[in-house]
């Protein structure tokens, strides 16, 4: 039997069923017999219209369950999970990140009111009665106001006086006595009452020689809130102090005037000491000419607190972080990252070394403790190196210590081990 298409099979079955129904032409009226003849004549036209009206593929397409459920092709899911598209979505230009952050910060925020200390001082001066007479039964804690005079290290090589001297002054402000002027020669009995505030002056070097007739001078103090003020005195120069004295913490101050003279010592040439207060500097090169200083500040302030950030000239910027860890984080985040289509080249200045953009592996080496020990070693050995010359180390000794061997042949003795179970 030859292969028959589905359309022909349906057509033959339909024709056979109609032939069986109309097999007895004598039964029925005239209209039925006329209808048989007309049906036989128009059978060919009916099959053509039937073929046009019905197609099995149309019926399958209408009742397809996949269309109702919304089943997607598995290849589309694979394309969505492709790692290359994820990488393209995550890596973006730093300018896009700046723009998105600016859009997020367009919401108006209430300006934070920063209270000036001078306003508080004036308010406190205008109403001293509230502070002079504290309520009975309450204990007022001792508030300390410290003023530090910072001496620049650059002028440390020019001592003014051959005998450096130290001076410590402690002045007690007693609100119950309602006095603002105190003499330094005042007896201890006059200030035996409980102090509510305490002010400390710390000075070093030849400052004592400029204070002639200090006992007759008087110090005026105002009623102020607890406040720490750092004043840079460029006019004051002091002799260089050893590193051990420089880093030594100040001890408790007494109420007496202490004058301590030290014998002059010949100090070695002072090395530049990297203070943590200076921060960690990072320079950014290869910037687009349209990058401004505001862009630099907004870009790097995300990584941590900035000491300063400025545009040296178009294409080069300088950023100084307060903490070293923040500078390392910014270096790892923005080194060789594109800003306005140009990769940023970051150079990190740390521990006296410069880590360029092509040497990120030096970050791991610069933070190792061995580097710190090597940098601190010359400072400790300076005093001893002048008297004793450095000892020469034999390379055979180093080989023997490291590999238990040397250049020459060494006789090895067998080692016996006794193990008790």
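Backbone N, Cα and C atoms are what each Cβ position is placed from, and that goes for glycine too.
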Which listed span Swiss-Prot calls region 'Disordered', if the choices are 346-369, 370-393: 370-393
From the candidates 12, 155, 223, the one which Swiss-Prot records as SUMO2 cross-link: 223
From the candidates 33, 101, 290, the one which Swiss-Prot records as omega-N-methylarginine: 33
Candidate annotated as phosphoserine in Swiss-Prot, where the set is 44, 100, 122, 409: 44
Of the residues 32, 220, 244, 405, the one that Swiss-Prot lists under phosphoserine: 244
Among 204, 406, residue that the record in Swiss-Prot marks as phosphoserine: 204
For residue 5 (phosphoserine): intrachain residues, at least 6 apart, with Cβ closer than 8 Å: none
Neighbour count (Cβ, 10 Å) for residue 418 (SUMO2 cross-link): 4
Helix, strand or coil at residue 418 (SUMO2 cross-link) [DSSP, three-state]: coil
